[in-house]
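> If you scroll down you'll find the structure; I have some questions about it.
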Amino acid sequence: MKSAHFLLTLAIFALASSIASAYDPSPLQDFCVAVDDPENALFVNGKFCKDPMQVKAEDFFFTGLDTPRDTHNPVGSNVTQVNVDMIKGLNTLGITLARIDFAPYGQNPPHTHPRGTEILVVLEGTLYVGFVTSNQKDGKNRLFTKVLNKGDVFVFPIGLIHFQFNQGHTPAVAFAALSSQNAGVITIANAVFGSDPPINPDVLAKAFQVDKNIINHLQKQFWYDNN
């Protein structure tokens, strides 16, 4: 009986451990600064590692997030990502930062991060934000929304479609952290209607239950990438 209880406890701890683990593989060294030159380097998390003896403070540094970005574009927003491509020292550390600037009534269009959960804080302005769940048993997708003001925080679970919209008359600024060194971004409209080569219009017309001419029109549009 004691053996059965021990095995059950062990199984619960193993399950809890697997749930708590990061989505990026955990590092087995203090750091692994990414380097483009593979000579005499290690390969970890998709990047070659710089010789630790050649690592400098600059490998863990980025400047400029205090500067507003240009939001004069079709979606009215600009995302400045600080990921492993910008800070090489982020390699294997499982975290990314981003600044998001919004013009009045600008938006960060519906998108997903396939490899990371996002936590967002509003620094200036008012944002209407939300995410949609995966398909539920009743065939519906639940929408969770919130109006955020300065200092408010909201979480977007990994892989779920989400958005941010500036519903104010003035610019807005938010910062976001993601649980991956490279969380990835799939902007829904861009991916569906702007893929290269295009998705067969018959497929999309059937999926969206609209006339094929509407799909042809959408595929001819320029789908702006705000990242």
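Each Cβ is built from the backbone N, Cα and C atoms, and glycine gets one as well.
Just so it is clear, the model here is predicted, and its values are computed rather than measured.
Reproduced below are the annotations present in TrEMBL:
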type     : residues                       : note
SIGNAL   : 1-22                           : signal peptide
DISULFID : CYS32-CYS49                    : disulfide bond
DOMAIN   : 63-216                         : domain 'Cupin type-1'
BINDING  : ASN108, HIS113, GLU118         : oxalate binding site
BINDING  : HIS111, HIS113, GLU118, HIS162 : Mn(2+) binding site
> Near the Mn(2+) site, what residues other than HIS111, HIS113, GLU118, HIS162 in the same chain have a C-beta no further than 8 Å from the centroid of the listed C-beta atoms?
THR112, PHE131, PHE156, LEU160, ILE161, LEU178, ALA183, VAL185
> Cα within 10 Å of HIS162 (Mn(2+) binding site): which of the recorded positions CYS32, CYS49, HIS113 qualify?
HIS113
> So how many other Cβ atoms are close to ASN108 (oxalate binding site), meaning within 10 Å of its Cβ?
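Looking across every protein chain shown, the total is 28.
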> Sequence gap of 6 or more, C-beta under 8 Å: which same-chain residues meet both conditions with respect to GLU118 (oxalate binding site)?
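Listed in sequence order: VAL155, PHE156, HIS162, ALA176, ALA177, LEU178, SER179, ALA183.
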> Taking only the residues in the domain 'Cupin type-1' (63-216), give me the average pLDDT of this model.
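Summarising the domain 'Cupin type-1' (63-216) by its mean pLDDT gives 96.
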> Using the CB centroid of ASN108, HIS113, GLU118 as the oxalate site centre, which other residues of the same chain sit with their CB within 8 A?
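Once ASN108, HIS113, GLU118 are set aside, the remaining close residues are ALA98, HIS111, THR112, LEU120, PHE156, HIS162, GLN164, ALA176, LEU178, ALA183, VAL185.
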> Roughly how many Å lie between the Cα atoms of HIS111 (Mn(2+) binding site) and CYS32 (disulfide bond), rounded to a whole value?
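With the alpha carbons as reference points, the distance is 30 Å.
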> Roughly how many Å lie between the Cα atoms of ASN108 (oxalate binding site) and CYS32 (disulfide bond), rounded to a whole value?
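Between the alpha carbons of ASN108 (oxalate binding site) and CYS32 (disulfide bond) there are 32 Å.
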> Determine, to the nearest whole angstrom, how far the Cα atom of HIS113 (oxalate binding site) is from the Cα atom of CYS49 (disulfide bond).
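Pair distance, Cα basis, whole Å: 25 Å.
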